Amino acid sequence: MIHFLLKGFSIVFSHPINILVVIFGVGIGIIIGAMPGLTATMGIAIALPLTFGMPPEVGLTLLCSIFIGGIHGGGIPGILIKTPGTPASAATISDGFALTEKGEASKALGIHAFSSSAGSFLATLILIFASTLLANFALKFGAAEYFLLAIFGLSIISAVTGKSILKGLIAATLGLLISTIGLDPIIGFPRFTFGNYNLMNGFSLVPALIGLFAISQIFSEIENIDVSIVKAKKVKVNLPSFKNIKKCFPTIIRSAIMGTFIGAIPGPGAILGSFIPYGDAKRRSKNPEKFGQGALEGIAAAESGNNSAAIGALIPTLTLGIPGEAATAVLLGGLMILGLRPGPMLFKDNPEIVYTVFASIMLAALVLLIEGLFLAQYMGKLITIPKKVLLPSILLLCIIGSFAIRNSVFDIGVALGFGILGYFLTQLNYPVVPILLGLILGPIAESNFRRALIISKGSFMIFFNNWLDIGLILLTIVSLILGFKMNQSLNRITRESSHLNEKVQKG
């Protein structure tokens, strides 16, 4: 592991393109995350076409850098104008904006940048060790285990995504049905193509991703296109003082550890990764009454927690092929587009690529501090760009990106079609992440299910053959049961976040 990591660092620093990609990706991620209504998930989806023609490690580094920057950027408008750029940054608002009202926005943005950077760096260290151990264990998987793992992935993400488990499972089933379009994976017979050669390989993944996560979001934001945004003044941001760093550092470490392991559980994502460490920091504080009134520890806990949770979500994504949250679900699609197979074989067949990406993420965590401090000074102007200018520009990028993959007008139709589908499902409170998982995990589940039956000569006992199979089945059942409770917790936190935002807006 150390050997491959050192080799990864040597590749990163011996090729300037890797460093430039990290700097560019983190910067773009911060800008996208700071725009209210835009998300890191949308940023990754839009950037997917840019990775075509890139070496796999460079393309994946770009996507991960945008992801890291996007999560961090969401806290900037929360501090400056009381509006979080991403849901994960909601816990930052009360303390961050309280400091802005006191004329101390610079102090809030400084600790925000340092906490995000430190939390991301610590989480990356845990990611490297945990993913290596888990990948070595998962090498024992055969066809039956991969099928059960795919079902487990569909069940757990469907159970904790959205407000209704039933709607999550319906969305996952829809994704599975769409994934059957194209050639049969075993015998090569065309299915549901209706004589259209464009459907022989199913729907292209990139246009589908762009439609589900970018175009559908654009359609949703059009409803609020005339909503005015509070203007923020330009502020000068500096590195926090040593006194403030020393004061917040224990909180940053605890929050990073908690956030990483919360993020590694598929489903909760960075939202729980910010609120749970925030609550823990408040309980441990000698002055809990200061939380919500401008406590630096509150900002440190929330930002270290949500950034580390985002990186923690990469653990199941890379090692098992099960995304930890929406953004990593898009990253999973990006892996496949780059010709990499997510899962334990990724570590066995392409260790240089994996550890080069790990090294790049560590570099991105450090770059995040520098760019976070620099760009925060100008975000007050950028986040007030009118949506009537911003949204058409992004839609144009989506259409160009969809077309550029195969120079196909059909793919533009696919992107728009999935965008309309995603928009209406969102309006009906159906989550779209399970649809993507169905598209990705469906072929894996089907092909391994049929291979397992071929190996066992039609006997279903192959799925109950050893303790690993039984364990995966039990995990699937438990995930559905626990999904109810986790769903309730997520909905409660969402309500509390909404009430907190309303309170801050009024106060």
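Even glycines carry a Cβ here, placed using N, Cα and C.
Annotations in TrEMBL come from automatic prediction, not curation.
Here is what TrEMBL says about this protein:
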DOMAIN    19-437  domain 'DUF112'
TRANSMEM  20-48  transmembrane segment
TRANSMEM  60-81  transmembrane segment
TRANSMEM  118-139  transmembrane segment
TRANSMEM  146-162  transmembrane segment
TRANSMEM  168-187  transmembrane segment
TRANSMEM  199-219  transmembrane segment
TRANSMEM  252-276  transmembrane segment
TRANSMEM  318-341  transmembrane segment
TRANSMEM  353-376  transmembrane segment
TRANSMEM  388-406  transmembrane segment
TRANSMEM  412-441  transmembrane segment
TRANSMEM  462-484  transmembrane segment
Quick one: do the transmembrane segment (252-276) and the transmembrane segment (388-406) reach 3+ CB pairs under 8 Å, ignoring pairs fewer than 6 apart in sequence? no
Stretch contact, the transmembrane segment (168-187) with the transmembrane segment (388-406), Cβ-Cβ under 8 Å, 3+ pairs: no
Is it the case that the transmembrane segment (318-341) and the transmembrane segment (60-81) touch, counting contact as three or more CB pairs under 8 Å in which the residues of each pair are 6 or more positions apart? yes
Range from 60-81, 199-219, 353-376, 388-406, 462-484 with the greatest count of C-beta pairs under 8 A to the transmembrane segment (118-139): 353-376
CB contact flag for the transmembrane segment (412-441) and the transmembrane segment (199-219), at least three pairs under 8 A: yes
Tertiary contacts of the transmembrane segment (199-219) (same chain, 6+ residues out, Cβ under 8 Å): 37-39, 41-42, 44-46, 48-49, 178-179, 181-183, 190, 192-193, 326, 330, 333, 336-337, 391, 394-395, 398, 401-402, 405-406, 408, 411-412, 414-423, 425-426, 432, 435-436, 439-440
Can you tell me which recorded stretch out of 20-48, 60-81, 388-406, 462-484 has the most Cβ pairs within less than 8 Å of the transmembrane segment (353-376)? 60-81
